[in-house]
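What follows is one structure encoded as structure tokens, with my remarks underneath.
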């Protein structure tokens, strides 16, 4: 069962945009790396077929506690692999639903006029064009190094640094061993999409973090100043937590929550490697956390990136963009509304970022609208990153203050971000960037897009 749990965890982290397949597998802690890599790779290869099988057989509706990622790896091995290698309740579950799954597979073959399982992949072989365009983003971990030193390190390894990008088109044109500084985020380097850095010294030592650009937006836009008390409400596997620690310069306090003990252990490993201090990991459902607990009385910032449909992740295969069932979407949105409302109940809270890797309005604008209505005039939307090209859907007046990301428009995973601030009587119009960002203005926020960033004080170098 450990194999299937590890594979499901890798799939979940892929959906959340927390790294590439190889890096996630190699850093999973699972002892048999090749076996894990093979299972995840084959599950991804059959992903579109598995999605349709699960939907047609109504497996997730029948087994409400079964995570979609675990369902995929179990059904892959049951129907397409060498048979399930586990016992206990999961084998019993598979036995209960095997006939229904096999019947749905047979119907799929009839519809596609094929006789072999492999023939179902004929129309699903190529990864989507959008996915192939998304570059490899590398966040410099400023707890251990600085942008200039990392650039110099890659140049010594034979990479050509092309300077700071001025347009998305420049990112799209990257090829070979060339890289750029991102045009929006100051500590993000951009490499061609096929660049594999999972065994690079900078990555294994925690000096760089492999993290999609869209996944970097929540912590950047939350922007707590050094010394702040911050909650990362749904924190695992920890990339956003480490980003928060870097923004705080390890000064202050982070409370990072996740309900799963294995994910908390993974997060502990990642944060240790990244040099994070002043972070308290808590294995607890955030919804059960008491906002009135004195230990959280100084929490002024919350990052909330709850479970979602993952429909924005470009690791999905063609045909996998089928919308989740109405019941699942409704359940997710209900959970997201509850957890967002709960987060707003922390008494000292001043600023909150809500984000998902979903494309669905039900999980994004509609959640924000419902919770803002529930709280009346206590909180307001802040215009997040005004220079960002992709805005929120017009679901309600002011929804354009939210931002979206997409492979086509921003060369990232699909993403949604909303920034909420507590209202004050007589307050002036809300600022569009967090305090930390105002101290170092970013392109479009006090500097011209083509302006070079200030050189930063160098930190420890990493020798080759």
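Using the three backbone atoms N, Cα and C, a Cβ is placed for every residue, glycine included.
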Task: TrEMBL annotation (coiled coil) - matching range among 7-34, 35-62, 63-90, 91-118 - done: 91-118
Open item on the list: Averaged over the coiled coil (91-118), what pLDDT does the predicted model reach?
Closed with: 83
- [ ] Give residue numbers and ranges for long-range contacts of the coiled coil (91-118): same chain, 6 or more residues beyond its ends, CB-CB under 8 A.
- [x] 49, 52-53, 56-59, 62-63, 66, 74-75, 78-80, 84
Open item on the list: What whole-number Å value do you get for the CA-CA distance of residue 238 (S-adenosyl-L-methionine binding site) and residue 357 (active site, nucleophile)?
Closed with: 16
Open item on the list: Please report the Cα separation of residue 285 (S-adenosyl-L-methionine binding site) and residue 357 (active site, nucleophile) in Å, rounded to an integer.
Closed with: 20
Task: Candidate with sparsest Cβ neighbourhood (10 Å radius) among 236, 238, 240, 285, 357, the listed recorded positions - done: 285
